[in-house]
Amino acid sequence: MTPFGERLWSATAERGALCVGIDPHPPLLRSWGLDDTVGGLRAFSEICVEAFGDLAAVVKPQVAFYESYGSAGLQVLETVTGELQQRGALVLADAKRGDIGSTMAAYARAWLSDGSPLAADAVTVSPYLGIGSLDPVFEAASASGRGVFVLAATSNPEGPQVQRAISDDGRTVAQLIVDEVGLRNASPRGSFGTVIGATVADPPDVSKLCGPILLPGVGAQGGTPADVERVMGEHRRAALPAVSREVLKHGPSVAALKSALSEFVDSFAFLTN
Ligand SMILES: O=C(O)c1cc(=O)[nH]c(=O)n1[C@@H]1O[C@H](COP(=O)(O)O)[C@@H](O)[C@H]1O
């Protein structure tokens with residue numbers, strides 16, 4: 001398969017730089033007139049497939065909401081992943097996995113290996129057991145043409161306490177993570193990205209990353225297109241802003257969801273022009 005970094009570049013050139021999240025919060029299910037059951041989860045997800053599959057460059061199902069319904073929820077996630085891919089969207093599984101290396105190899109098999117029922121185009125991972133513990137994930141992604149997004153400077157207010165801490169050599173933890181991911185990218189359009197919230201006040205330098213940057217926190221958490229521009233500086237072509245609730249609140253009308261998504265895509269047109 002063509003490496004994820006190249007596939008993402010083409011997808012954002014064609015559809016615009018935006019990642020729309022599928023986050024089936026129970027109150028959101030209810031506001032769409034759906035039950036907080038696996039049936040409601042399935043109906044919610046099918047509406048999202050219909051609304052986003054042909055339009056968005058990347059769709060990011062939040063795995064936590066599927067896991068909370070057990071194996072039946074994960075089955076819905078498997079189906080939705082396949083349907084989105086059939087419609088031409090790249091699927092980023094927001095699983096945020098992080099463990100010792102030998103266990104990461106099993107997560108890599110689950111999310112990034114051909115033939116796995118849960119395999120997506122890319123997965124989010126957490127580096128707080130040490131970036132080297134993620135090597136099995138980088139290896140599996142390289143082997144299968146998939147991608148990885150490593151948390152570096154997250155959008156939540158609690159993040160800086162850990163991520164702004166200073167490491168032995170004077171860099172912040174967030175900077176260290178960005179630099180380490182950059183060392184693993186083999187080409188300017190690498191398949192290994194980082195996560196930097198659109199809400200982050202003092203973002204790390206991404207000039208040597210050579211990979212995509214997922215910017216969650218747009219919309220419901222207060223991030224704006226101007227914030228994305230500020231965080232990315234001259235590296236804006238690598239940006240992949242992410243929005244969930246601010247689009248999903250327009251459901252269950254497929255037309256209204258599509259139009260909310262298109263408005264966001266337009267507001268980020270400056271990233272790809
Ligand atoms: O990895 C993520 O996507 C992520 C990282 C981060 O720093 N902050 C963050 O909000 N997210 C995810 O992005 C989504 C944000 O949703 P909204 O706030 O509704 O747009 C959720 O699924 C979060 O888990």
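Glycine is no exception: its Cβ is also placed from the backbone N, Cα and C atoms.
TrEMBL: automatically predicted annotations, no manual curation.
Keep in mind that what you see is a predicted model, and the values were worked out from it rather than measured.
The feature domain 'Orotidine 5'-phosphate decarboxylase' is assigned by TrEMBL to 17-260.
For Lys96, the entry in TrEMBL reads active site, proton donor. A sphere of 10 angstroms centred on the C-beta of Lys96 (active site, proton donor) encloses 16 other C-beta atoms.
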Where Lys96 (active site, proton donor) falls in three-state DSSP terms: strand
